[in-house]
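Taken from TrEMBL as is:
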DOMAIN    38-486  domain 'Major facilitator superfamily (MFS) profile'
TRANSMEM  34-51  transmembrane segment
TRANSMEM  80-102  transmembrane segment
TRANSMEM  109-126  transmembrane segment
TRANSMEM  132-156  transmembrane segment
TRANSMEM  176-194  transmembrane segment
TRANSMEM  206-225  transmembrane segment
TRANSMEM  297-320  transmembrane segment
TRANSMEM  332-356  transmembrane segment
TRANSMEM  363-384  transmembrane segment
TRANSMEM  396-420  transmembrane segment
TRANSMEM  432-456  transmembrane segment
TRANSMEM  462-482  transmembrane segment
Amino acid sequence: MSSSSLTSSSSKGQIVRPAGSQVHTFLGLSGKKLHFAVSAFAGVGFLLFGYDQGVMGSLLTLPSFENTFPAMKSSNNATLQGAVIAIYEIGCMCSALSTMYLGDKLGRIKILFIGAVIATVGGVLQSCAYTIAHLIVARIVTGVGVGFITSTVPVYQSECSHAKSRGKLIMMEGSIIALGITISYWIDFGFYFLRNGDHSSVSWRFPVAFQCFFAIILVCLALYFPESPRWLLKKGRMQDARVVFSALYGLPEDHAMVTAQIDEIMSFVKREQAEGADDIKFSEIFKQGPNRNFHRVCLAFSVQMFQQICGINLITYYAGTIFEQYIHMTPFNARILAACNGTEYFLASLLGLLFIERLGRRFLLFWGAIAQAITMALLTATTWAADNGSGSKAGIAAAVFLFVFNSFFAVSYLGGTWLIPPEVLSLQMRATGAAISTASNWAFNFMVVMITPVAFKNIGPYTYTIFAAINLLIAPCIYFLLPETAGRSLEEMDLIFSQTPVWQPWKAVQIARDLPVEHVDDHLLPWVVIEFRVERIW
């Protein structure tokens, strides 16, 4: 595993420690290479997440799928179709909530491993389903596995990252979600050509089964990666954390920077332990206390809710169906356009990597909400025109605005809302708060996916109007309540919230503006300074 015969603390429970002056490695990697490997590993989890989100959209109208599950035709029972697709989110929500306890009990790596095993089982069960009951159970099982993964990946990534690169790395995870969606769309399109003949069911069974590929990668690699050093310190395993930091920084374990980082984190750990963090109860979530727990959990919950109620999964889950049934394209054109939509979605998400540190989280989320509201309003108008005989031009315009909405979302909310929760939550509440915020994501995901077929059937293009109004309401919430986290260490955010008055949570925004950036990893890149200037301007 490493040049020093180092054994991962997450897999074996012990570490063979050479002299303190030696640089430790995992999988033979340290420093930037190990950071890249950790990001790639975490990215596979979000690749699975994205693939699962996109894979069903174009399968619902396949003849072989409709023949297997005739009751799920939207024309027969839109409510049942929405329920079967959305039930996956219920499994995700339940397992995400369970990580409130299991996340700190087992650690980040073991939760990822367990989630990947369960997701593999769920993918196999889905691919061999012949009844709706079988499909429902399989989707719940898959959801349980994916819920473990999605509630843990952002926390694990944040706790292993430098302050200056944390934003880019988690925004990259958002891009990987979009890549997973893109892969699912193109696989759906490729297997569309097998829709006829004796083996037509392969056209939907293989795309559903392919998700197991990503889960199996996680299963095989999880126990070879380092555990979160912050979790190790919280558990009193200081030497193990020192080894992990040595590997992550590419420095000897006795290096001053490693020691300073551990001292900084331990000062907050000791403070939280003195305040009863080791005996924390669920009721602590609803108390402010010196760490402003309730305030911070509310922010984490809200941004994940915003991601879902802005309307993205209206498109992600039902892109192929929307193009075919509601914009009136041919099945072939609908599927290839859905695949192109996913590809453009992924490419647009890469812009978020460029802007997340330059412009900051607040800037992207605020203007993203405004742009999404305008786009949803335009979708209402163009889809209404297409439904009322205005010809193909209106349908083309509606398709274009679906692309436009995806672009604005990809740059802002796709990765940004996964980044905010682990940044605003304290170490004491990080696993618990991340579980609640991820459960929020899945609960509102379920709501949107559940109501979409019903809404389209009953109010048609005015479905988009609902989401236009919601986005207009999201924008002021971001502006007045969300403090900027760009360039801050996770421990600095503790200082910002501890200074925020209990009954004036909006003051966190101003405190974050005024508090100097001071932490161990303070060699910030110039664009962080640019971001603070932009923050004051807008």
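For all residues, glycine too, the Cβ spot is worked out from N, Cα and C.
Note: TrEMBL annotation is automatic and uncurated.
Remember, it's a predicted structure, so these values are computed and weren't measured experimentally.
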- For the transmembrane segment (297-320), which recorded stretch in the set 34-51, 206-225, 462-482 gives the largest number of Cβ pairs separated by under 8 Å? 462-482
- Message: Suppose I define contact as three or more CB-CB distances under 8 A, residues 6 or more apart in sequence; do the transmembrane segment (34-51) and the transmembrane segment (132-156) meet it?
- Response: yes
- Query: Counting Cβ pairs under 8 Å that are 6 or more apart in sequence, does the total for the transmembrane segment (432-456) and the transmembrane segment (132-156) reach three or more?
  - Reply: yes
- Note on the structure: The average per-residue pLDDT within the domain 'Major facilitator superfamily (MFS) profile' (38-486) comes out at 86
- Message: Six or more residues beyond either end and a Cβ under 8 Å away: which residues meet both conditions relative to the transmembrane segment (363-384)?
- Response: 303, 306, 310-311, 326-327, 352, 355-356, 394-395, 397-398, 401-402, 404-405, 408-409, 411-413, 416-417, 460-462, 464-465, 467-469, 471-472, 474-475, 478-479, 482, 531, 534-535, 538
- Item | For the transmembrane segment (332-356), sequence-distant contacts whose Cβ falls under 8 Å of one of its Cβ atoms, 6 or more beyond its ends | 54, 57-58, 167-168, 171-172, 174-175, 177-179, 181-182, 184-186, 188-189, 192, 315, 319-321, 323-324, 364, 399, 402-403, 406-407, 410-412, 414-416, 419, 486
- Same-chain residues at least 6 beyond the ends of the transmembrane segment (109-126) with a Cβ under 8 Å from one of its Cβ atoms are 8, 10-11, 45, 48, 91, 95, 99, 102-103, 134-135, 137-149, 151-153, 156, 208-209, 211-212, 215-216, 218-219, 222-223, 225-228
